[in-house]
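TrEMBL has this to say about the protein:
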- 37-286: domain 'G-protein coupled receptors family 1 profile' (DOMAIN)
- 20-46: transmembrane segment (TRANSMEM)
- 58-82: transmembrane segment (TRANSMEM)
- 88-116: transmembrane segment (TRANSMEM)
- 136-158: transmembrane segment (TRANSMEM)
- 193-217: transmembrane segment (TRANSMEM)
- 238-256: transmembrane segment (TRANSMEM)
Amino acid sequence: NRTSVKEFILLGFPGTWQFRVSFVVVFALMYTLTVIGNASIIALVWRSSNLHTPMYFFLCNLSFLEIWYTTGVVPKAIGVMLGTSQTISFSVCILQLFFLLSLGSTECFLLSVMAYDRYLAICCPLRYSSLMSSVLSVRLALSSWLGGFLAISLLAFLTSRLTFCGPDVINHFICDIDSCLALSCSDTWPVELATFLVSIIVVVASCVVTLVSYMYIISSILRIQSGHGRKKAFSTCSAHLSVVTIWYGSTMFLYVKPSAQNSLDVNKIVNTFNTMVTPLLNPFIYTLRNKEVKLALTR
């Protein structure tokens, strides 16, 4: 009731019709490969009994998350590019923002949980089965999902209380926090502060857990005497380390900053990488760099 602007116009990537159609083709292809790749990982783990371990249980959660994460972006982005669905209501805009940020937060927690799982597997191999039980793995995955959505609830609520008097054009293909803050005609400091604090809690805290886990992992690997043993130990976490590097690099650029007033054009490009390229790369990284997955896929 406090908003005079009832809907927004998503600008997407301005350009000629041919330019925008080329983006649509690329987005559609990436979305199709992302869904097929992540769904294949879930099906592969489900069908292969030797993959019924905590590591692959967390991987299934990550793949399931990536499917919904990219689904929350690509269909609307394609409609914006084609000019058939450029408007978005205020309530749907807030819902999309909440949905995407919650899934992003959940991914941060899941990646830190997966790092902790690899720490136990490499640093405590004899006690791994007792330490990382099926009950604990389910609790950790559930906590990641609940924590991700609860962490964004206050931020989404504060954003929904902002006043928008115009203009109503969002320089993006999705509703993100920076675009909403740029258009608001009310005081955005509480939302910017909440964004910064949530980013510190979610992104930085989960990143610290991941880094500490890998410090112990690398230390343990270096103490292994045989070169074959070191190579085998490192292969069990190299895929996850690649995903972590890609994800946290782009996420920290977008959200861990004192002010949200960065270049929206740059944010648009980084968001494209974060919401489309990363979910596409994950299944291929885990498939191509994991011997157990390749063997299960061959069978």
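Backbone N, Cα and C atoms are what each Cβ position is placed from, and that goes for glycine too.
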Interface-richest range of 20-46, 58-82, 136-158 toward the transmembrane segment (88-116), CB pairs under 8 Å: 136-158
Arithmetic mean of per-residue pLDDT over the domain 'G-protein coupled receptors family 1 profile' (37-286): 83
